[in-house]
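Here is the structure we will look at, set down as structure tokens.
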Amino acid sequence: MALVLENFCVLIAVSLLVCEASGCQEHQYPWEVKGSSFCCSMCPPGTILESRCIDDKAKANCKDCGHGKYSAEWNTYSQCLNCKSCLEENGVRYKKKCNSDSDAECECLPGFLSGFDDSFSSTCKRICERGNELKGDSKMCTPCQEGYFSDQLNTQCKPWTDCAAKGQYLLKNGSTMEDAECGSTIPTVRSPLSRGIASNISASTSTPATSIATVINTLRRRTTSSTAVGKTTPSRETTLLMVILLVSVLFVIVLIGKRVICFKIKNQVFHQCFGTRCG
């Protein structure tokens with residue numbers, strides 16, 4: 001009975017030690033040296049662990065992070081973390097500089113959009129307007145070539161639609177910002193006469209003979225109308241020709257009249273002379 005009680009007391013004592021060791025305060029962790037368990041302190045932000053506690057009365061040895069390195073939390077790290085770089089050649093700039101207990105923060109330069117981002121560097125892509133595209137790793141926007149277009153921000157240039165390949169005709173040429181427009185039928189431009197004939201034919205719902213008669217009547221009316229217009233508005237050449245013709249006719253009439261008068265006069269003289277000789 002005494003042996004059982006002794007073992008029970010030993011078990012309680014061990015449990016108390018474990019509970020004490022595992023019940024460390026904030027920024028401490030359980031540690032054991034040569035069978036002795038105790039709590040050892042962590043290193044504060046901006047430092048890393050150089051050596052751990054050697055007993056329950058000593059503290060851990062910590063050292064500061066060097067330039068370009070940091071630690072942002074209580075730790076037992078053996079190395080500091082590298083600060084993030086914000087290089088303008090990557091389209092970024094520093095929003096906040098790095099210090100021993102916090103990393104740097106980057107932001108995109110004006111005219112750039114957020115792109116690939118990792119623990120060591122940040123990269124922003126240039127904003128390319130419509131009609132431009134980002135060429136490879138140059139981080140520069142270049143205009144779309146002839147026959148290509150980009151209709152949205154930060155998109156690659158695409159070729160215009162080939163209307164002929166689709167069995168269609170080209171309605172409108174493309175530009176660097178718009179695709180070509182295609183149509184399914186070819187538009188035709190007709191004269192007023194053909195439009196009138198076509199409208200009469202399409203409006204007619206009678207027999208083919210009636211349709212032909214309608215076309216002939218349409219042509220006859222248009223021809224008559226054209227002739228009437230031509231008569232009411234004679235050309236300058238026609239007027240001149242009529243004047244010349246009228247003058248010529250008058251000249252011929254005058255000439256003939258003079259010959260007739262002379263002929264009558266001669267006949268009268270002849271009769272007088274003839275009568276005198278006879279008398």
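One-based numbering along the chain as shown.
Every residue gets a Cβ built from N, Cα and C, even glycine.
Curation does not apply to TrEMBL; its annotations are automatic.
Remember, it's a predicted structure, so these values are computed and weren't measured experimentally.
Residues or ranges marked as signal peptide in TrEMBL: 1-23.
TrEMBL lists 64-106 with the feature domain 'TNFR-Cys'.
Summarising the annotation, TrEMBL assigns repeat 'TNFR-Cys' to 64-106.
The C-beta environment of Cys80 (disulfide bond), restricted to residues of the same chain at least 6 apart in sequence and closer than 8 Å, consists of Ile48, Cys65, Gly66, Lys69, Tyr70, Ser71. Marked as disulfide bond by TrEMBL: Cys65-Cys80.
Marked as transmembrane segment by TrEMBL: 239-257.
Neighbour density for Cys65 (disulfide bond): within 10 A of its CB lie 22 other CB atoms from the protein chains shown.
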